[in-house]
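*Asks:* Supplied in structure tokens, the structure appears directly below.
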Amino acid sequence: MAPALSGTLGASSVAALRPCAARRAPSAASSVAPRGSGAARCPRGGVRWEAERSRGRLVRVRCDAAVTEKPAGEEAAEEKFEYQAEVSRLMDLIVHSLYSHKEVFLRELVSNASDALDKLRFLGVTDSSLLADGGELEIRIKPDPDAGTITITDTGVGMTKDELKDCLGTIAQSGTSKFLKALKENQDLGSDNGLIGQFGVGFYSAFLVAEKVVVSTKSPKSDKQYVWEAVADSSSYVIKEETDPEKMLTRGTQITLFLRPDDKYEFADPSRIQGLVKNYSQFVSFPIYTWQEKSRTVEVEEDEEPKEGEEATEGEKQKKKKTITEKYWDWELANETKPIWMRNPKEIEKTEYNEFYKKTFNEFLDPLAHTHFTTEGEVEFRSVLYIPGMAPLSNEEIMNPKTKNIRLYVKRVFISDDFDGELFPRYLSFVKGVVDSNDLPLNVSREILQESRIVRIMRKRLVRKTFDMIEEIAEKEDKEDYRKFWESFGKFIKLGCIEDTGNHKRLAPLLRFHSSKNEGDTISLDQYVENMPESQKAIYYIATDSLQSAKTAPFLEKLVQKDIEVLYLIEPIDEVAIQNLQTYKEKKFVDISKEDLELGDEEEENKETKQEFTLLCDWVKQQLGDKVAKVQISKRLSSSPCVLVSGKFGWSANMERLMKAQTLGDTSSLEFMRGRRIFEINPDHPIIKDLNAACKNEPESTEAKRAVELLYEAALISSGYTPESPAELGGKIYEMMAIALGGRWGRSDTEEAEATTTGEANAEADSSEGTETEVIEPSEVRPESDPWRD
């Protein structure tokens, strides 16, 4: 079927059409339908008319005509139509839906001014007459708080009347894009990558804060100056010729924004404009001047009054000078700092990098390291990255993926510093720097970095360069810099071991830990592996809450005797990081506080010793019940009587302590993940030997059973666990002390009798039930000797 033809006709036109339809289809069935039907069918001619009456006398008529089938091989006729848009609705979407923050209007307008200056500079290479008059290439911004306006003036290329209609009168028509396209078509001229505009909607961001915008422009190609004027929420604009001699421009464009009442007080403030320029357009290649209030000291003369009793004539009066502060308005350069990343790294001194870092990120300490690089190929961008001299002071900035440490620029114009891990992973959020690229995939508002393959490639290269920078610090002969880095950012590197499994090979060599052979300083995993004896097959570690508790842990005794080095994991994140690494240089990480510890060169167990203490192990297990999974002879103890080790697949004592301390921890999984506990005894210790004798000779001894209970709870504490009832444990210790110390230093019989009587009285008082305690109220009668009596 051919496309339907439709139109709006008057009633007379419809009446004229009906006979035509009838002539084409004279049968009764094809006659014009009555008014109520609204349709007329003509089956023989394949024509169908539909008439719909609308308000007034207008009637919409639709004609569907069947086209005779064409022979095979011939293509059906087709028509091309263009999309239409409702201008006012489109403008509303551009102004109120594209941008998240109103302040970006200044960035867009300054970028447009920069493009105009760039175009003029480029065209001036072949036609120097364009630069003959008009002064320096610059941008000036003048806010007027009283009038509620902002005026942005540039000395760029300007626009003719046709260009005004083409660029400002056509939405999403980018003059910069057309200029670049023309340059590319002319191979002799090449292209200028310094131009910023892409989408053709940045100008309309002015309506975010302005209720009226007036553009006055003068092009070197024209002798006339034109004014473009538009009001917000309107679908039309006005262009007129400028006739006021006082408003004439030599060259360029002047944009005046009449601010809305709600935005007048914020954006007409000169200091606010200065801050926005420094934030967004600091590195625009042309000077940007803002109108600022300044102060200066001047000397003025004043007449000195004569002293009392003295009269002086007018000629004898002395003139005295004094200094006063005078306020005045003047232009101030807002973009003094130059984009250091655009220069050759070989030409830049270290002091220049440090100064740029301090100014850009408001730091007072020099960075520990920096790297300056340019990436070409599939993705092209320039970057300067820094490692700060100290860790963030605020706890909120630690491990925060949304830190404002990476500033993204597109063609030297600031885009955003609010990222959620797109350019850097969370564990490298402490790195500061700038990234400038010409081909980043941004949305139209230039505020959101869209996820794409280009972004993933950029992220990978930025991470790789950051690792190179950290490794350079680690490989320096002076270890002081890396010690500072590790104290400040060691937690971040450990977090990387948990979150970034793909970079384990680069993260693991950067780790540093205290060890049983290096308590004062830290060592790397490479140093540990180099110091390992050939017979050692694993990397041993112990996780505790402090360095002191790690040094005195009973798990270390046998390993220290055999000169085996043990790593001390004393920070909460350490154990999780090591468990995620699992191995390093084909050496497994082994927790010495867990069961089945293999030391590599173990001697064969003495079967006689095992048989001798089998009965004791069973007896102790019977006394402890479900508190332990089993009791066995220990291979790791030399001086301690016993130790409590965790199961192979359960939490260690340190991990159990950490999980209990979690504010939002799941207590229901605590019992399940805690795993079993194994009670290991040292057969060479005197206490164990005494208990072995008690087990064989007097297994029902109350003292022996109490000793086993106390031994277990002491092992709980020494092994890093928390006793369930500390007060009960304290009572048992006091009781054992009383037994051990009773009468040793010759206590008198009287004191002993009093102590016995007191103890019996206290026991009777505790055992008595139903006795009411007498409460004695304080006396309200005060004696005369009371010094506080009124």
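One-based numbering along the chain as shown.
Here the Cβ of each residue, glycine as well, is placed from N, Cα and C on the backbone.
Curation does not apply to TrEMBL; its annotations are automatic.
The ATP binding site annotation in TrEMBL covers GLU108, ASN112, ASP154, MET159, SER174, GLY175, GLN198, PHE199, GLY200, VAL201, GLY202, PHE203, THR253, ARG446. The compositional bias 'Acidic residues' annotation in TrEMBL covers 300-313, 766-777. The compositional bias 'Low complexity' annotation in TrEMBL covers 755-765. Per TrEMBL, the feature compositional bias 'Basic and acidic residues' maps to 779-790. Positions annotated as domain 'Histidine kinase/HSP90-like ATPase' by TrEMBL: 101-263. Here TrEMBL flags 297-319, 747-790 as region 'Disordered'.
Can you tell me where each of these features sits in the structure?
*Replies:* Cβ environment of ASP154 (ATP binding site): ALA113, SER114, ALA116, LEU117, GLU138, ILE139, ARG140, GLY252, THR253 lie under 8 Å away, each six or more residues apart in the same chain.
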*Asks:* Could you tell me the mean pLDDT the prediction assigns to the domain 'Histidine kinase/HSP90-like ATPase' (101-263)?
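*Replies:* A mean pLDDT of 81 is what the predicted model shows over the domain 'Histidine kinase/HSP90-like ATPase' (101-263).
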*Asks:* Per 10 Å Cβ neighbour count, which of the binding-site residues GLY202, THR253 ranks highest?
*Replies:* GLY202
*Asks:* Taking only same-chain residues 6+ apart in sequence, whose CB is under 8 Å from that of GLU108 (ATP binding site), what do you get?
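*Replies:* Sequence-distant Cβ neighbours: GLY202, PHE203, SER205, ALA206.
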